[in-house]
Each structure stands twice: as structure tokens, then as C-alpha cells.
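Q: Pulled these from Swiss-Prot:
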BINDING   C69, C71, C87, C90  Zn(2+) binding site
BINDING   D489, D491, D493  Mg(2+) binding site
Amino acid sequence: MIDRYKHQQLRIGLVSPQQISAWATKIIPNGEIVGEVTKPYTFHYKTNKPEKDGLFCERIFGPIKSGICACGNYRVIGDEKEDPKFCEQCGVEFVDSRIRRYQMGYIKLTCPVTHVWYLKRLPSYIANLLDKPLKELEGLVYCDFSFARPITKKPTFLRLRGSFEYEIQSWKYSIPLFFTTQGFDIFRNREISTGAGAIREQLADLDLRIIIENSLVEWKQLGEEGPTGNEWEDRKIVRRKDFLVRRMELAKHFIRTNIEPEWMVLCLLPVLPPELRPIIQIEGGKLMSSDINELYRRVIYRNNTLTDLLTTSRSTPGELVMCQEKLVQEAVDTLLDNGIRGQPMRDGHNKVYKSFSDVIEGKEGRFRETLLGKRVDYSGRSVIVVGPSLSLHRCGLPREIAIELFQTFVIRGLIRQHLASNIGVAKSQIREKKPIVWEILQEVMQGHPVLLNRAPTLHRLGIQSFQPILVEGRTICLHPLVCKGFNADFDGDQMAVHVPLSLEAQAEARLLMFSHMNLLSPAIGDPISVPTQDMLIGLYVLTSGTRRGISANRYNPCNRKNYQNERIYETHYKYTKEPFFCNSYDAIGAYRQKRINLDSPLWLRWQLDQRVIASREVPIEVHYESFGNYHEIYAHYLIVRSVKKETFCIYIRTTVGHISFYREIEEAIQGFSQACSYDT
């Protein structure tokens, strides 16, 4: 059993037959070695107890009830007395029944069987390593080829003259005679290479380092040749080069992980613990069983039949043996991955069997449902909405979610401040939603970050930490700048919120996972906190006021909204006098008092460098005053000059939206400059 405190990661890969045997076999106190499942039975129909050496055997997988053997005897678990720790009659150990969740068994296959994941899935790892067409290998595995080229190094009978009684006849009539003789096994083991055993022998003879060297040499030669001018030949060269790259990467992976290629062919088939493939009794005495049990039974039936053909019957035709080996291969394929690149196997009710691959893969599989994405305490879920007023490292948490997530902390705070005498009184105060509850909740949230996660979590920025604040409503408020890391938008997306409990988790959330600590992409280093989607729309609306200058806006139809109560005809739009402001604070104050709109054009006094103004630009209008002063009005600015042509002041034509946008950028630059000065 894996200790979760000693192991920080889990790797799935190929293992050797010796490792499978070490996982599944155990030595009981009387010295007997158990672990091999030899019978396809589950429970006895009369006693309703597991069959010995069957798929639910208590000797192999442990007792069904803790401390009770198959005979019904009971022993206290962990008793230090000299009583035997197993039943001498049935051979069942007196251990905890939870052992049936992780104790494995194995099936000793009579013939080698290729692992269907490495043969039929694309790209085929076996075909890549052997550099042979997949169809040819499939025909060899499923015994569609009567014989293959001998791979033994010894001299073969097929190469010697006079080996056949009917030497005059052709090979077409001579070879089938060997498939019906009593010495077929000897002949086949020496002369014919077929089935998964042939694949295993070829994989065992591979030298991975030589494969890497030869593939690299061939890849360089193909690269030096250059284009041939024939499109078909050029495509073949490109495909061959891609294949060589995949082959080298695969060989390097096998070397790096200390995996032998022949392990892709199975000699021992692991049997899952019985608690992971249960049989449940429902109302009416009916039994519900996992499909994997039926698939295991099919494998054992066919494997035992093949064993009988090879051991008990000396005169079994060779074609029958090869056919039975093919059935064993197909049964194991169905167990591991039913219907892979073919018609799936169905039961009597025309229902597709759920294989091992179906159990572990997908959203409802073992990994994503119960290991990676299982439901946990101190977590919640809700729809996200935009929170533009939030800081980058903050998120808005609804009161309903926050009080549930931090309820234990609030209860502790109420008791510590002597506002509640016990847990029951504290819970009643929380249910009544007293004001003191929200005050304590805010105190708790100030020192406790939360984790936000949006599925699917494809990279590390899919889960980040934030400082929560209470908001009204039932939705989670999120700053729009962090959307790109989550790949989120505000069209109904949901996010999960988690509370880190341990000090290590809280420290990691604060130092590594805060959103303002993850401004760059960890993959390529580009900025990840960039305006996207709703923020871009907001910036567009904020700055879309004076794009066409004074000439186009003098009689702009957009000005009609300032005169909504007056009747305005399409041919004569009423002109709105544009107000003048001395500073940005007055302009924003007028907007807040609703005297002007967000995109209403206005004149703002500005300290503008004279060099920015083009000397050749001609004013659109010139307004003269009685004292001789005059205003030169350009497309986007206005200059007030004296009689002596001295510049008094300059006004720029802008909107409240532009002013707000400029102030935000200015504050951000100043804050960044201050932070840099502190660091230096």
C-alpha cells in the first residue's frame, strides 16, 4: 500500500513480470506462496462465500470481514499472543479487511500476450521500435500468418533438403502437414515464430542505443539530400524523418526510465483488488457485478483451455492451438481496452462491457473523479463575474460561500472572544446572521488567502491564490486581468474556491500562488496579465469619444443625448457648447454630478510641450475677444494667445473616459517606479 506521507508523486508505466509477481504474491505463515488466480469463479452459489483460488479468494486477497477467516473463526487483530495469525484449515490470515482494497493477484498466461495499448494505439510504440508496419505486426500477433521468418540462430529444418517425406510436392502442400503432427510444438518452437512470443523475442533482441545511433545517422542523411522535386517523394522523406524522431525519443525514454521493451508483452496479467471490482447484492437477492469480473473470467477460461490443449492432449492440431492463443490475446485486449479500433464486445443484453481503460479514463474515470477531481471539504463553487474595482490580488467572495468556508474559524473566534459559550451557541448565532458574525468573518478573511481554480487545470496558472473580500450577491468577483491565466471569461464560467488549511499550504499560497506573483507565463515568459475580452471592451467604451476631432463632432448626432427632452430634427442637430475645465478633478466631479457624460467632449487645461504642436498646422477656427486676445482652435487642442501672440494656456479636447484612463496609467507607472527605487 502506498504511504501518502512518504510518496509525493505517482508515475504510471511498464513494469517487469518480476515486479508484478512481487506485488501479487505473498507467503502465508505456513510457508505457502499464494497469489495466482487459477479459477474463473467468484462466489459459491450455495454458501455465498468466495471460491478458493478464484477472483475473490480470501487466501489471496484477504478476509471479507476483519479478523474472520473463511471458516468463521475469529481472532483479534494485532493480538500479541502466540495464537497463529492465520487459519490452518482455510489458510486465511487474520488481518484487516481493508487489505482487499490494495492486495493484488495475478494470472499466469500460458502464452505471451501483447499489451493492446502499446500495439494498437496510435502511434504504436511496438511498431515504432521494430520499424515494421502495424498491419504486419497485428497479423503476427493474432496468428494470421501461418509462419514467419525464423528468428532463431540455430540451423532450421526448413533449410535442409530431405526433411519432408513428400519432397516432390510444393511447400504449399508440405507445410500444412507439420500443423497436424504430434511434434508440432517442437517444430514450432524451433522453426516458426508467430504470436506475441515472436514480438517478445524481437523486442528482447533490440539494442536501444544502436537504434538511436542508426536513426540519427539516417535522419542526417535524409536532411542532407534536400528536396527531390517530386512532391510525393518529398512527403515520404518528411514522414520518414518525423518517424525517426519519434523512434529516437521513444528509445531515449525507455533508457531514461530503465524500462525494457519486452515488457510491452505480458506473461503475467495483474488482477485488480476485489474491492475495486465489487459484486453487490441488491433488493430481491439479485447481484450486480463489475464488468471487469466477467472479462477476467473470460481470460481465465480461455487461458485454462489453452493449458489443457498443450498439456493433456498430445495430438492437438497446431491450428487449434494457434486459434486458442488468438482467443486468449483477444480476451486480454477486451479486458484492457474494449473496442479499441474495432467492434466492442457486448453482453447478453447488447450492452458494451466496461473495460479497464473505460474505468480509469475520462471525466468519470478513477483518476479525474476520485483522485484528481474528487469533492473535498472547505471548498465551494459559483459563477464568476467581473470585478473591475478589485485589486489584482483580491477576489470578491459571496457572504453565503464565505460563512460556510470559514465557519470553523468564525466559531473559534466567537468562543475566544467570549461571545459564545460553546459550539452550538456559535452555530445558532451564525444561522441568525448577527452583525458580530460578519465582523469576525472579515477579521478571519484578512489573514487567510483562498485558492481559485477553473477546470480544466491545464497548467499551473489554472489555480491561483487571492485575498478574499466580502461582496453581495451569489457570484465570485474576479479581476479581469487574471482571466488569461485561467482561460476564463464572464459568459457563465464557474470557478471553485478552496481554503488552504495547513501552514505550509498558506505559505505556498502567499509566496508562490498569489496572482500578482504570476504576471509572466512560466512556459514562454510572455506577460500573462494582459487586457482581454471584457476589459478591452471597457477600454474601448472609455476612450471612444473624440476620435474624429472637432470638425466631425461640431454637429455630431451623438450630442443629441444631452438634449433628450428636446425635439431635434435630423437635418438640424443642436450644437452643444463644450465646457472648459482647469484640471482633471473638476472634470471628473462634473461627471459624478451627472452634468456631463462619460464620452462628452470637453476642453481641459494642459501643460503641453510646444514642440508637440506641428508648426505647419492651420487652425480650424479663430475666436477673438474684445481685449484683443484670441483662441486658435485646432482639431484636438486649443491655444489662447495674447495680442502680442504670447501663449497664455493650452486646452486639449478630450473626454472624462480619456482622463480616467490616463490617470490609471500614470498611477501605475508611478507605483512601478517607486517599487524599482525601493529595490535598488
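Including glycine, each Cβ sits where the backbone N, Cα and C put it.
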Q: Find the shortest Cα-Cα separation between D493 (Mg(2+) binding site) and the binding-site residues C69, C71, C87, C90, and name the residue that gives it.
A: C69
Q: Same chain, not part of C69, C71, C87, C90: whose C-beta falls within 8 angstroms of the C-beta centre of the Zn(2+) site? Give them in sequence order.
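A: Here the nearby residues are A70, G72, N73, F86, E88, Q89, G91, V92.
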Q: Among the binding-site residues C69, C71, C87, C90, which residue has the fewest other Cβ atoms within 10 Å of its own Cβ?
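A: Checked C69, C71, C87, C90; of these binding-site residues, fewest Cβ neighbours within 10 Å: C71.
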Q: Among the binding-site residues D489, D491, D493, whose Cβ has the fewest other Cβ atoms within 10 Å?
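A: Result for the binding-site residues D489, D491, D493: minimum number of other Cβ atoms within 10 Å at D491.
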Q: About how far apart, in whole Å, are the alpha carbons (Cα) of D491 (Mg(2+) binding site) and C71 (Zn(2+) binding site)?
A: 62
Q: What other residues of this chain sit with their CB within 8 A of the center of the CB atoms of D489, D491, D493, the recorded Mg(2+) site?
A: I384, A488, F490, G492
Q: From the Cα of D489 (Mg(2+) binding site) across to the Cα of C71 (Zn(2+) binding site), what is the distance in angstrom?
A: 62
Q: What does DSSP assign D491 (Mg(2+) binding site), in three states?
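A: Looking at the DSSP assignment, D491 (Mg(2+) binding site) belongs to neither helix nor strand, so coil.
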Q: Given C90 (Zn(2+) binding site) and D489 (Mg(2+) binding site), what distance in Å do their CA atoms have, once rounded to a whole number?
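A: About 63 Å separate the Cα atoms of these two residues.
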